[in-house]
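Undergrad: Next up is a structure, given as structure tokens.
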Amino acid sequence: MAPDSSTLAWKIPWTEEPVVQLVALENHLFPQINQEPQKSTYSMKDGLGRNISFLAERNHKFVPFITAPGDLFEMWWFQQGLSFLPSALVIWTAAAFIFSYITAITLHHVDPVLPYISDTGTVAPEKCLFGAMLNIAAVLCVATIYVRYKQVHALNPEENRIIRLNKAGLVLGLLSCLGLSLVANFQKTTFFAVHVCGAVLTFGMGSLYMFVQTILSYQMQPKIHGKQVFWIRLLLVIWCGVSAFSMLTCSSLLYNGSFGADIVQKLHWNPEDKGYVLHMITTAAEWSMSLSFFGFFLTYIRDFQKISLRVEATLHGLTLYDTAPCPVNNERTWLLSRDV
């Protein structure tokens, strides 16, 4: 009788490298091995779908090994774990920016040189595309932030400081996602105050989220991951901070009323316009800040390759009645009487 593959999968701490591991199993798990031949080979698939063979010996040692070296490369990188989430988030959001930008400049709704990101989604029809795609991006962002929260919590279940920072990062990230949805659905030409609030939430809370996650990376290295991840995220946070400071400073000077009240609704700029330089610095900083966000979420890909989530349904009863159903003595009620 072959051993239960599910027990083997639970018992053997599989690693990424195709190395041979000897795992001693308790005698009471597989007593039937004593009746097996001196050596037997069993096969199963691991969590990544690779063919794994187990060499069972009479001394209750199991040797797992990959049957073919090429099996390691059967899966693409985005198929491992949940790495598709940050990948999809970055690709989808970038596509939203690019498609709305191309549509806006094709219809001459904005200037081709560094418009505000939200300006490319202000006028129909591009605002419909911009809003729909960014709403989906907000959902992907929520999923990515939640998975990151669960991963950090699972890796550090008893570190109080990390737990508090992790919860703070979750709240900041969700607020940033809310802001992204507000920016997508409330254009500056119609609801300027709501649009600005959404932008502050998106970029402000998003920057703080990156900062908190960088602190968490520092706290978890080198035990959980290497120093390289921390340094990359730190550089991205510095990049984001410089862009945020430039955007905040120049936009404050631009919209303080010195250049006219109608500047808020302005979509087309000429080099001779007042405030043109401040406008260009602000828009360049906004695009730069968005790129730093993309880079930061891309650093999650390697981490997410090592995590998966499972949804389990638990039934609280055998029926969906609020109360126990009345017993039925094999009666059948006809929709139409036979006598009619």
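Cβ coordinates come from backbone N, Cα and C, glycine included.
What you see is a predicted model, and the numbers here were worked out from it, not measured in a lab.
Pulled the feature table from TrEMBL, pasting it below:
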- 82-307: domain 'CWH43-like N-terminal' (DOMAIN)
- 84-109: transmembrane segment (TRANSMEM)
- 129-147: transmembrane segment (TRANSMEM)
- 168-186: transmembrane segment (TRANSMEM)
- 192-218: transmembrane segment (TRANSMEM)
- 230-256: transmembrane segment (TRANSMEM)
- 276-301: transmembrane segment (TRANSMEM)
Undergrad: Averaged over the whole of the domain 'CWH43-like N-terminal' (82-307), what is the pLDDT?
TA: 91
Undergrad: Taking the transmembrane segment (230-256) as reference, which of 84-109, 168-186, 192-218, 276-301 has the most Cβ pairs under 8 angstroms?
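TA: The stretch with the most close Cβ contacts to the transmembrane segment (230-256) is 276-301.
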Undergrad: Please tell me whether the transmembrane segment (84-109) and the transmembrane segment (192-218) touch - that is, whether there are at least 3 C-beta pairs under 8 Å between them, with each pair 6 or more apart in sequence.
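TA: Contact criterion not met.
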